[in-house]
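Right, one structure below, let's go through it.
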Amino acid sequence: MNGTYNTCGSSDLTWPPAIKLGFYAYLGVLLVLGLLLNSLALWVFCCRMQQWTETRIYMTNLAVADLCLLCTLPFVLHSLRDTSDTPLCQLSQGIYLTNRYMSISLVTAIAVDRYVAVRHPLRARGLRSPRQAAAVCAVLWVLVIGSLVARWLLGIQEGGFCFRSTRHNFNSMAFPLLGFYLPLAVVVFCSLKVVTALAQRPPTDVGQAEATRKAARMVWANLLVFVVCFLPLHVGLTVRLAVGWNACALLETIRRALYITSKLSDANCCLDAICYYYMAKEFQEASALAVAPSAKAHKSQDSLCVTLA
């Protein structure tokens, strides 16, 4: 299987005019809204916030990854008219894939950081620091970019938005599936542990109880965004791998499903930006509440709200 390419579905995907127009509108809205929200987020992170925290470093890198992916969307729009496998298309596809899986990796890092802060607040003082967060981000960038460059040098091509399936094989599926399902397991585990810890924490007053509820809601919201945006695409890739390479009629349907779910995953760029403010506020509050007395925690909350305003 490793050395056999699929011979089915060699023609480019064609869409009815109404559906193609819908793609144009959807991607156009994502591009404009995503650029505005992520640019604003970067401005706040870099110019308006006073202290570089672990969460701020992760979210700054996430905003950069989302902006890089958004910059490839004009090429996605162009691919609806021209699917030629040009060097520019392949470069754009590489940037697109790099930042998709970088976003997945950073969301996973944020989930782990959140887990350590809430479940192990005393140990977190030694495990968490801005320098360590920056090192984690640097390692993730190197790993994601390096793996994609290695696949390109080996001549293993993934469909991406230049969606031509004539060269998909087992190897081309291994990276995206491994690059999602392992992070998914980590994100689900960390999220459930954090929610459990928050639910078991006895509130000392109304303010602490409200902060805990907000933090728990944000965990569920982040997990929901991650699953809704990325799971359908990778389930489709899994199905494609499972059905084999000669079921031509079924593969044509899967190709269309993969294209649609790939565009759905792009919505993560906008949804991430909406979550930035709440992620910074609620989880720094939750971490403060975990290790500080009530009065001191309220003071920390008030100071943090002023900083983010």
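Placement of Cβ uses the backbone N, Cα and C atoms for every residue, glycine included.
Given the structure is predicted, the values throughout are model-derived calculations rather than measurements.
The topological domain 'Extracellular' annotation in Swiss-Prot covers 1-24 (among others).
Residues or ranges marked as N-linked glycosylation site by Swiss-Prot: Asn2.
As annotated by Swiss-Prot, transmembrane segment applies to 25-45 (among others), with the evidence given as sequence analysis.
What Swiss-Prot records for 46-56 (among others) is topological domain 'Cytoplasmic', and it gives sequence analysis as the kind of evidence.
Residues 23-24, 27-28, 30-31, 34-35, 38-39, 41-42, 45-46, 88-89, 92-93, 95-96, 98-100, 102-103, 106-107, 109-110, 113, 130, 133-134, 136-137, 140-141, 161, 263, 266, 268-269, 272-273, 276, 279-280 of the same chain lie 6+ residues outside the transmembrane segment (57-77) yet bring a C-beta within less than 8 angstroms of a C-beta in it. The transmembrane segment annotation in Swiss-Prot covers 57-77 (among others).
Residues or ranges marked as topological domain 'Extracellular' by Swiss-Prot: 78-90 (among others).
Swiss-Prot lists Cys89-Cys162 with the feature disulfide bond. Other Cβ atoms within 10 Å of the Cβ of Cys89 (disulfide bond) number 19 in total over all chains.
Taken from Swiss-Prot, the feature transmembrane segment applies to 91-112 (among others). Residues 55, 58-59, 61-62, 65-66, 68-69, 71-72, 75-76, 133, 136-137, 140-141, 143-145, 148, 152, 158, 160-162, 176, 179-180, 183, 186-187, 190-191, 222, 226, 230, 265, 268-269, 272, 279 of the same chain sit 6 or more residues outside the transmembrane segment (91-112) yet have a Cβ under 8 Å from a Cβ within it.
Within the topological domain 'Cytoplasmic' (113-135), the DSSP-based counts of helix, strand and coil residues read 20 helix, 0 strand, 3 coil. The topological domain 'Cytoplasmic' annotation in Swiss-Prot covers 113-135 (among others).
Residues or ranges marked as transmembrane segment by Swiss-Prot on the basis of sequence analysis: 136-156 (among others).
Residues or ranges marked as topological domain 'Extracellular' by Swiss-Prot on the basis of sequence analysis: 157-174 (among others). For the topological domain 'Extracellular' (157-174), the model's average pLDDT works out to 51.
Per Swiss-Prot, transmembrane segment is recorded for 175-195 (among others), and the stated evidence type is sequence analysis.
Annotation comment: Swiss-Prot describes 196-218 (among others) as topological domain 'Cytoplasmic', evidence class sequence analysis.
Under the heading transmembrane segment, Swiss-Prot lists 219-239 (among others), citing sequence analysis as support.
For 240-258 (among others), the entry in Swiss-Prot reads topological domain 'Extracellular', with the evidence type sequence analysis.
Summarising the annotation, Swiss-Prot assigns transmembrane segment to 259-279 (among others) and lists sequence analysis as the type of evidence.
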Reduced to three DSSP states, the topological domain 'Cytoplasmic' (196-218) has 18 helix, 0 strand, 5 coil
